[in-house]
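> If you scroll down you'll find the structure; I have some questions about it.
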Amino acid sequence: MAVVIRLLGLPFIAGPVDIRHFFTGLTIPDGGVHIIGGEIGEAFIIFATDEDARRAISRSGGFIKDSSVELFLSSKAEMQKTIEMKRTDRVGRGRPGSGTSGVGSLSNIIESVKEEASNSGYGSSINQDAGFHSNGTGHGNLRPRKTRPLKAENPYLFLRGLPYLVNEDDVRVFFSGLCVDGVIFLKHHDGRNNGDAIVKFASCVDASGGLKCHRSFMGSRFIEVMQGSEQQWIEFGGNAVKEGDVLRRSEEHSPPRGINDRHFRKRSHSKSPRRTRSRSPLGFYVHLKNLSLSIDERDLRNFFRGTDLTDEQIRFLYKDENRTRYAFVMFKTLKDYNTALSLHKTVLQYRPVHIDPISRKQMLKFIARYEKKRSGSPERDRPGHVSQKYSQEGNSGQKLCIYIRNFPFDVTKVEVQKFFADFLLAEDDIYLLYDDKGVGLGEALVKFKSEEQAMKAERLNRRRFLGTEVLLRLISEAQMQEFGVNFSLMSSEKMQARSQSRERGDHSQLFDSKDPPVYSVGAFENFKHHIEDLRQLDNFKHPQRDFRQPDRHPPEEFRHSSEDFRFPPEDFRHSPEDFRRPREEDFRRPSEEDFRRPWEEDFRRPPEDDFRHPREEDWRRPLGGLLQSTSGGHPQSISGGHPQSISGARPRSTSGDRPRSISGGRLRSISGAPERKISGTHQMKTSGALPMKTLGTLLMRTSGAPRRKILDALLMRTSGSSQRKTLGKLRRRTLDFLTILDLLVRILGARLMILEVTALL
């Protein structure tokens, strides 16, 4: 369902595009913007849904072209009635006044376009260098309505609906071919153009030609041209001219129709009164803010380059003999004045300068109040005191705050922190704005630690966040206090006083009576309504007693229950013995009997019977009797002699040298004896003990203490001193397994033993 919103405070320079941009993210159908205009800047906007209208209302107080606008809920009936009243007021008015001004409604615009399109034969040429466009019929050849006079009564015409930044040259181009003698622009109380002007022509003939330009375009706006009067010209600052002078000038200077008046301007310009005057004395004033403290008059003259500016037209403001960031500048011409306003937010010495128009009356009033404050009581100059509209230098002069608009109505402080993710913001530095009913406005105030951070944060202006285009504006603390927010007063002392008052129960002092009707999401505001309920502590006495009694009895009940649970642990203490004994009897002993003994019987003995005896029988005996037993012959067996391989060749080491023992000498047998026959005293005693072959096998299969025992047995069986010495070294060194393996392989010449030993490992 379509909903109509009424907008007030729309500046004259703003158009439908600016309104649609202000409501970015909301659905406005085609033809949904109706600008009424007038002194109050009225307009009606149609939104597609109720949700869009509700979110649009929350943006009330925002800025369109640096002008604050107010939004109200309206209806189609009110919109139609307002449009009809404005149209009737314009038609029934005999002569224009300085009162309300307006822009034609949509129905009037369509009617005018149709009427002018049907009279396309009256067109005339237009100066193409002007840069403006007409509606296809020309400026001076429109067929006038029956209700409008075709001939001017005097050389004065009243214009309505002019753009904000219009100047005299634009008006002369608008009346191309006519001799314009002077222009006076009407202004608001703040010094801005209100869209109205009075034009004085050289003659009534030129004024009659100007009436034909009614509802022609100046840029993108329709301009209403009506009959004026000499009284209005004088009232708004013009000088009266004698009638004879007017007739003489009209005869001399009125050019033929269609001829450009450029070569007449100098002569007519010299005889006309001053072309721009305001209600106040001569001059146009601007208010400069956020200036650098080191700036001087020369810097401002360079800043306003191209304007006629002297040091006498510049005035800086001081506080306690210290310069502030404010200044006033007076311009002599409207052109210089418009040039200065176009430099708004231009950076000067690393600071964006804010240039606002101001009237002479307001400037003098501000200076008088400021001078009074300087010479006034020290109470007004104490820290924290701010004037009603402007705050002087100090901390309030620095622009540390940013006013944020166009957030969703339910935005939170955490979301604001995410928007300023590049800046370290605490929740205390963020202030959310709410209406009287506690509904979010989608606006917030954020304070930064320094001006540099605030200026960097302002670069996020018009960045999309949460589906909307967020608008940012850098403001000072004084401007922030106009919202009713003062971060400087929210100090730790005040927070401590609030906490102490809350502990005392004096909840009436938690919030200052001077606090504005703006709600925050702070910690105190969340409990604002609950504090009143907490005052009635009598309602909570009985529940507290009921809860305290059960807290005392349960420990006694559990003390008795703990005694009952002491006996089960005694019963369970015997269980570890039951579990430990089976571990020793059932697991440890069977592991020795079942695993270790079969390992010796099944694995160690069978290889001795099945593998080693066949090797000796099958491989060594067929070699031609080279291998002998341990009782005689050449020591080709384990007891000594040159060890032969399976092929009968003499084995060599990896390097190609003769195989040597560990001690570095010639290769010896296990007993360490040199290569010779075992006879006489060198014959080993093997009676009543294990043979040397069995001891060698056990030596290969054991390590550590068992190996030392085997070496002791070999020492007992060895008679030679050198052999005993070698075995003693082996026993002391605890031979490496690989060394013993290499020694046994060279002595026994068995290759399969490597696989067997590897499997055992």
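Every residue gets a Cβ built from N, Cα and C, even glycine.
Copied straight from Swiss-Prot:
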MOD_RES   S98  phosphoserine
MOD_RES   S101  phosphoserine
MOD_RES   S112  phosphoserine
CROSSLNK  K114  SUMO2 cross-link
REGION    120-147  region 'Disordered'
CROSSLNK  K151  SUMO2 cross-link
DOMAIN    155-230  domain 'RRM 1'
REGION    247-278  region 'Disordered'
MOD_RES   S250  phosphoserine
MOD_RES   S254  phosphoserine
MOD_RES   S278  phosphoserine
MOD_RES   S280  phosphoserine
DOMAIN    284-360  domain 'RRM 2'
MOD_RES   S292  phosphoserine
MOD_RES   S294  phosphoserine
MOD_RES   K319  N6-acetyllysine
CROSSLNK  K335  SUMO2 cross-link
REGION    372-392  region 'Disordered'
MOD_RES   S377  phosphoserine
DOMAIN    400-477  domain 'RRM 3'
CROSSLNK  K514  SUMO2 cross-link
REGION    538-690  region 'Disordered'
CROSSLNK  K541  SUMO2 cross-link
MOD_RES   S575  phosphoserine
COMPBIAS  627-654  compositional bias 'Polar residues'
COMPBIAS  661-672  compositional bias 'Low complexity'
> If we check Cα distances from K335 (SUMO2 cross-link), which of the recorded positions K151, S294, K319 wins as closest?
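Answer for the nearest of the recorded positions: S294.
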> Of K151, K319, which of the recorded positions has the most Cβ neighbours inside 10 Å?
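Ranked by Cβ atoms within 10 Å, first place goes to K319.
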> Can you see whether DSSP assigns K319 (N6-acetyllysine) to helix, strand or coil?
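DSSP assigns K319 (N6-acetyllysine) to strand.
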> Could you find out if DSSP has K335 (SUMO2 cross-link) as helix, strand or coil?
helix
> How many whole Å apart are the CA atoms of K319 (N6-acetyllysine) and S292 (phosphoserine)?
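That comes out at 15 Å between the alpha carbons.
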> Taking the Cα atoms as reference points, how far is K151 (SUMO2 cross-link) from S292 (phosphoserine) in Å?
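Given the Cα positions, K151 (SUMO2 cross-link) is 56 Å from S292 (phosphoserine).
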> In the structure shown, with every protein chain counted, which of the modified residues S292, S294 has the densest set of Cβ atoms within 10 angstroms of its Cβ?
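In terms of Cβ crowding, the pick is S292.
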> Applying a 10 Å Cβ distance cut-off over all chains shown, what neighbour count does K335 (SUMO2 cross-link) have?
17
> Helix, strand or coil by DSSP: which one applies to K151 (SUMO2 cross-link)?
coil
> Under DSSP, the domain 'RRM 3' (400-477) has how many residues in helix, strand and coil?
19 helix, 29 strand, 30 coil
